[in-house]
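**Q** Residues or ranges marked as active site, proton acceptor by TrEMBL: LYS158. Annotation source TrEMBL lists coiled coil at 430-468. TrEMBL lists 493-506 with the feature compositional bias 'Basic and acidic residues'. According to TrEMBL, the compositional bias 'Acidic residues' annotation covers 528-542, 549-564. Taken from TrEMBL, the feature compositional bias 'Basic residues' covers 721-732, 749-761. The domain 'Ribosomal RNA methyltransferase FtsJ' annotation in TrEMBL covers 25-201. Taken from TrEMBL, the feature domain 'DUF3381' covers 234-367. If you look up TrEMBL, you'll see 535-751 marked as domain 'Ribosomal RNA methyltransferase SPB1-like C-terminal'. The region 'Disordered' annotation in TrEMBL covers 483-567, 713-734, 742-761.
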Amino acid sequence: MGKRDKKTGKGRLDKYYHLAKDQGYRARSAFKLIQINKKYNFLEKSRVLIDLCAAPGGWLQVAKKYMPSQSLIIGVDLVPIKPIPGIITLQDDITSDKCRANLRAELKHWKADVILHDGAPNVGVAWIQDAYSQCELTLMALKLSVGFLTQGGIFVTKVFRSADYNNLLWVFNQLFKSVEATKPASSRIVSAEIFVICRDFIAPKKIDPKLLDPRAVFKELNAGPSRILDILHPEKKRRHREGYEDGNYTLFKSVSAIEFIDSEDPIKLLGDVNQITFDNEEAMELRQHKYTNEDIRTSCEDIKVLGKREFKDLLKWRKKIREWEAEPEDEDKAIQEELDRLVQESKTKTKKLRRKANEKRQKSVVRMQLNMITPADIGIESNKTGELMFDPKEVDGTEASIIGMIAVALDKLRKGKGELAELDALDALDESDSDNLDELEADMDNLYEEYKERRAERDAKYAALKRKAEKMEGLSEDVAVDDMEVDSISKGNDTDLSDKEEKIVEQDQEQSESGDAKSNTLKRKAEEMDESSDDTEDDDIEIVPKADESEEEMWDANASDEDEEKMKKAQTYGLTTAEAITLAQQLVNRQKTTGSLIDDGFNRHAFNDRIGLPSWFLDDETKHNKPNLPVTKEAIRVLRERMKALNARPIKKIAEAKARKKMRAVKKLTKLQKKTEAVAEGKDMTEREKADVIAKMVNKAATTKKRQVKVVVARGTNKGNKGRPKGVKGRYKMVDARMKKEVRALKRADKHGKNSKKQKR
């Protein structure tokens, strides 16, 4: 008999098969774990390992080889595993409670660092069923592992790539911080298996049972609507890897022309089909229709090669066919609809007339209460509201026709009752329209004023702006009055001044001139002091820094007025906005001329007639209806830099404090200069003695004396006194005998502590 060879299906006897035989491993799958460990390096750091579905034991051999000695390794499988030295093997079903109890008995109080799972069900029935069974087995292994895995542990499992693979990954991500899929080189290329490495187990205190329930995890979800090609925007097409429809094996769809005409979403239909056919009698009639030309017939033969223009032609053809097929409306139905419309209009008109009459009656009552009209006017106005030409209640919208409606109106006209009353009512309404309009405008203005008051009460910022605007308005009026008085005094056109008044004016002018002269002399003295301070011989001592113009002008009486005038001028003519800076740059760079600016001023906003318009309308127009001028980035940058410079300036209190300090230093320097001049002009000392005396005076002036705190003992009249003691000026500190004793006790305790430390040493 010849020798029987082993099966070599799927390359079973490959190099890893022979390597496993040579190195003594029980299965070629041992190299899968070796390669996974080489990539992630987790066996060397583990002390406790559990291998689920471990038969025949190849992974247990690898774990024994790479894990530290004295490690606890347990293998579990349905079939018995041949014993391996140093490894505990159990024959149990991993889905049973018995397996869980046996593992707990072996582990005692230990937790597993690594749990491996390389199990697979008996395959061969059908691929879909086999893949689902393997995913279900993996989920059961995970359910068992979460009870024995330590926090930060690792779970390695085999998974078949199938429709349920993504659901498994989602479950892994809920329980582990890091989830990665890999395929080692020893795994066959034709095999659908991959290995998922789950690291850093979260170990939650409570796990939702549905998270580990196969019925909930692998529940089939209804697939969303398939994405159809946008025929009008084919350039936006994206690849959607969702597979094909169930039962669509040819990938070719055709639809009847009748179905295309009757479809509610023709664009979606065109993106889904390949051909529009004329395969029945109705469709053949459409093929021979006057709107169906040769281009339409050609386009229907192959939809996938059409462009945007051809698709639009097909949609237009469908619209024309639908309009041609629409039946004309019934004449009786149109008449009935017209009658209903007329009845509704008459009802609306009646309600409007009744509402206006009631409003006018209420206003008349209010006027009578305010003694604005006599009571007799109410009866006259009430008689003007006659009855209508025809009553809509007499016309039934469901049974009557237009002819019946006209007959009712003619009947009332014959009686001669309705026409006169209707005309009187309309005349009364026409006469009161203008009055009502004026009253309505006045009411709108009053409501707008009330709205602004309510807004001012709610919004503090708005109230502050309003007060500021009123204050500025009052100042501007005062300034205007003062200017008028000055003009009248200078010109003498309106009134002649008396001699006494002329003297008063002259005195005021002289005082102002003398004030200016004094301020000028002060400025000159300050400048001389600065120059003299710079010319001092002792360069090492800096007594007074150079004064800034802004700080000197702060003490000038007229400087504040000049600053206010400059600010007003800057706000009126200065470049305070980005638009103004942009226009200035354009003028400087000759991008625009004065003529072009004048031409730009003539626009639709230039000749708006604002006379007679209400204030609420003008406020809204001012806020929103104004031309938008272009703004450059350079202008915005300049404005921001200017604002930064303004924000960098010190506040008023700091500037005033610096100025006071500067003035004190100036006074001190002036006093020192007088003393040094007196010493220098003296003739009773030599030059060396004069220099020594001046140096001492300068050193004395440069040093500042510290304010001494006066100690006041709380005794006698000062005992129990809460305020400032009598006769004490400046800073002081209240002390008493109790405080003195406490200080002495602290010193003694401190000294005693130091002595005890020395003795211990």
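Any Cβ shown, glycine's included, is placed from N, Cα and C.
Note that TrEMBL annotation is computational and uncurated.
Quick one: where do these features end up spatially?
**A** Reduced to three states, the DSSP call for LYS158 (active site, proton acceptor) is strand. Counting every protein chain shown, the Cβ of LYS158 (active site, proton acceptor) has 22 other Cβ atoms within 10 Å.
Counting same-chain residues at least six beyond the ends of the compositional bias 'Basic residues' (721-732), those with a Cβ under 8 angstroms from any Cβ of the stretch are 707-712, 714.
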